[in-house]
Amino acid sequence: MNTFERALSHQLEQQRSTGHYRQRRSQSDAGVHTRIDGRAMLTFCSNDYLGLATHPRVVEAMCEGARRYGTGGGASHLVNGHQQIHDRLEARLAQWTGHERALLFSSGYKANLGVISALMPRSGHVIHDRLNHASLLDGTRLSGARLHRFDHASFSSAEQILARLAPASDRLLVSDGVFSMDGDCADVDALAALARRHEVPLMIDDAHGLGVLGTHGAGTLEAQNVAPAEVPILVGTLGKALGTQGAFVAGSHTLIETLIQFARPFIYTTSLSPALTAATLASLDIVQTEPERRAHLHHLIRRFRRELSTLALPGITLMPSETPIQPLLIGDEHKAMALSARLRDEGVLCTAIRPPTVPPGTSRLRVTLSAAHTETDLDQLLSALEHGCRALTP
Ligand code: PMP
């Protein structure tokens with residue numbers, strides 16, 4: 001083994017010894033009913049909240065899109081990877097979210113890197129909720145701006161940070177719309193008021209709210225009755241409720257032109273696949289015209305919470321959330337892993353989330369519900385949880 005390989009092996013050994021070694025499991029089917037190592041599994045950890053990733057119309061649109069425009073973009077958007085179908089999707093996304101324009105990115109991670117690094121100089125300050133997604137933190141690191149974190153959902157903590165910063169400095173206030181590991185929603189109205197008072201632009205990453213919350217599925221802002229203009233920078237992803245892949249930023253014409261000029265994760269990467277773009281247009285149609293999917297999902301969320309409270313299972317705490325993300329707080333990471341393994345034995349797939357993704361002592365099962373689940377699927381989850389919790393409690 002050469003020196004390079006030895007150093008890597010040492011690092012991997014260390015990762016193993018902390019118990020944080022990450023494992024992938026290969027599935028052999030898509031959707032909530034899948035297979036792992038030949039065993040049937042019912043999935044409760046996907047972000048495909050409306051079950052659109054396998055919807056026949058979305059799949060057909062992707063095939064048709066591939067036949068017409070090709071599978072891959074072939075180049076970046078600024079070379080020759082930009083097609084009219086991208087313009088069509090951008091216009092639809094802008095209209096849906098109530099903004100002047102939208103810009104596609106090939107992932108939410110890149111969108112967040114792109115926005116923050118394009119807007120913030122090294123001398124700037126980015127003020128984050130402590131539970132913001134890793135991509136928002138990494139975007140801040142890429143920009144070189146100073147990273148500030150306020151206590152989760154604490155406006156007084158955010159206010160204290162803002163009050164210390166010079167009003168003339170470049171500042172940006174950033175929050176998830178729905179927190180990805182907790183499932184709770186930011187109070188966007190309160191954040192917007194804070195942003196207005198301190199004359200700071202507000203950026204909301206609504207990756208987990210779009211498609212799921214609000215009468216028309218337009219996300220956390222629609223659910224909370226917040227006007228789009230209150231949030232000048234909105235990020236949405238396409239790989240969750242929309243069931244495809246990629247992301248977009250919605251905002252003013254000036255914001256979008258700025259990103260096209262300066263967002264390196266937009267400029268220096270292959271354009272979003274045109275086939276995926278076609279699929280996303282089809283899934284957006286479904287999101288906008290079939291509210292019954294959201295209604296079914298929210299019914300399942302309410303039923304899950306109600307029945308789990310009645311069961312009062314030992315060793316788990318249902319966290320407060322009205323979204324499809326319904327985390328079960330366990331605390332100890334080994335216990336979280338053990339419960340996840342018990343569920344797997346019962347044919348239910350729900351991965352444990354551990355540090356560093358969540359703070360130490362807050363390991364959990366991140367249960368996610370989908371409109372693709374049936375009442376019977378939910379029965380199976382509740383029964384597997386009941387067996388697992390009782391078996392693991394002395
Ligand atoms: N923002 C949030 C809040 C997320 O949860 C995620 C993905 N888990 C992303 C951004 C990144 O999106 P993508 O998977 O499209 O890169």
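Numbers here mean position along the shown chain, with the first residue as 1.
Placement of Cβ uses the backbone N, Cα and C atoms for every residue, glycine included.
Model, not experiment: these values are computed from the prediction.
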Quiz item: Which single residue out of HIS77, HIS148, HIS152, HIS208 does TrEMBL record at the pyridoxal 5'-phosphate site shared with GLY108, TYR109, SER180, THR237?
Solution: HIS208
Quiz prompt | Per TrEMBL, member of THR317, THR323, THR357 binding substrate alongside ARG22, HIS133 | solution = THR357
Quiz item: Cα distance, HIS208 (pyridoxal 5'-phosphate binding site) to ARG22 (substrate binding site), nearest Å?
Solution: 23
Quiz item: ligand 1 is in the model; which of the recorded positions GLY108, LYS240, THR357 have a C-beta less than 6 angstroms from one of its atoms?
Solution: GLY108
Exercise. Just give me the nearest neighbour of HIS133 (substrate binding site) among the recorded positions GLY108, THR237, LYS240, Cα to Cα.
Key: GLY108
Exercise. Determine the minimum-neighbour residue: among HIS133, LYS240, listed as recorded positions, which Cβ has the fewest other Cβ atoms within 10 angstroms?
Key: HIS133
Quiz item: Quick one: Cα separation, LYS240 (N6-(pyridoxal phosphate)lysine) versus TYR109 (pyridoxal 5'-phosphate binding site), in Å?
Solution: 13
Quiz item: Expressed to the nearest Å, what is the distance separating SER180 (pyridoxal 5'-phosphate binding site) and THR357 (substrate binding site) at their Cα atoms?
Solution: 10
Quiz item: Which of the listed binding-site residues (THR237, THR357) has the least company, meaning the fewest other Cβ atoms within 10 Å of its Cβ?
Solution: THR357
